[in-house]
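Annotation comment: TrEMBL describes 23-286 as domain 'NADH:quinone oxidoreductase/Mrp antiporter transmembrane'. Annotated domain 'NADH dehydrogenase subunit 2 C-terminal' per TrEMBL: 289-341, in sequence order. Residues or ranges marked as transmembrane segment by TrEMBL: 60-80, 92-115, 151-170, 177-195, 201-221, 233-254, 274-293, 321-346.
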Amino acid sequence: MNPYILATLLFGLGLGTAITFASSHWLLAWMGLEMNTLAIIPLMAQHHHPRAVEATTKYFLTQATAAAMLLFASATNAWLTGQWDIQQMTHPLPITLITLALALKIGLAPVHSWLPEVLQGLDLTTGLILSTWQKLAPFALLLQIQPANSVVLMALGLASTLIGGWGGLNQTQLRKVLAYSSIAHLGWMILVLQFSPSLTLLALLTYFVMTLSTFLVFKLNKSTSINMLATSWAKAPAITALAPLILLSLGGLPPLTGFMPKWLILQELTKQDLAPTATLAAMSALLSLYFYLRLSYAMTLTMAPNSLAGTAPWRLQPSQLVLPLALGTTASLLLLPLTPAAVALLSL
């Protein structure tokens, strides 16, 4: 892609998110979300592969549906209350509609079906943008409206953690596994949204760091399926040794960074007398952990039958920048000791 066009599209992505962040009026927020969607579509379809075009079409239709629903809900709110202000949402009907529209935008269960299919059709770089940056603007709106309808949020959160765990169990394609991982992590964030918005933000940031590292590792190895992971040893031994730790951090195992948000979320849910919900969420994390362990096993404990251990592989100079991967990996593994500092910041 022409670098000027690429720069324009990335600028459009950033501007759309910034407009949504800064808006207090529903029409402006909707406009930011639309800019976001329209800027990423050429990035998704840039390879002109039928699979990429199909994924782009699915994504466009889904996002257009969610945007129309959001616009309808905000117009309904203006009709019922005379308010276009995002923070003046008082009527339960538009609040519920907007929550569901934003859930469709980020891919929460039960309106998640598009996410694995779309992610599977994209290259890893665009998939990374879709899994991280594209979640920011809808989350900013969710945090602003503070949905008071706890039943809808709880249902969305629990369904996402369970479906995100179950869905990834029988997948062999890495991008689909990462899509279900995304659904499960978003479920955790939604569970705690109404009790501690700052904790949701912390969980979102740690998810971003861990997902960045995972995508960059797969991109370095040019891996798109579990079978292709087995050749990683020959290509990059050092990063292959660290990759299972990044995956286990995504699964939420101590003493890695990914344990911090899960630990704090379970603590917060227990404080709110929601022990059954916390138990169900913790059990669903075991499902996710299983498929992360499966990836770790394929990556480190198996060796591809066509690469002999005694022969040095042909190594091309990697074209990928390794600094983001190094920083992301370090942050994914070593930030758990900073939990007290995070808790202190959350309570400010």
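All residue numbers here begin at 1 and follow the chain in the order shown.
Yeah, the Cβs are placed from backbone N, Cα and C, and that goes for glycine too.
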Range from 60-80, 92-115, 151-170, 201-221, 321-346 with most C-beta pairs under 8 A to the transmembrane segment (274-293): 151-170
Tertiary contacts of the transmembrane segment (321-346) (same chain, 6+ residues out, Cβ under 8 Å): 196, 198-199, 202, 206, 209-210, 212-213, 216-217, 220, 239, 242, 245-246, 249-250, 254-260, 263-264
The transmembrane segment (92-115) and the transmembrane segment (201-221) contact flag, 3+ Cβ pairs under 8 angstroms: no
Residue numbers, six or more beyond the limits of the transmembrane segment (201-221), whose CB comes under 8 Å of its CB atoms: 124-125, 127-128, 131-132, 135, 139, 143, 174, 178, 181-182, 185, 188-189, 192, 228-229, 231-232, 235-236, 239-240, 243, 246-247, 249-250, 257-258, 260-261, 264-265, 318, 320, 322, 324-325, 328-329, 331-332, 335, 342, 346
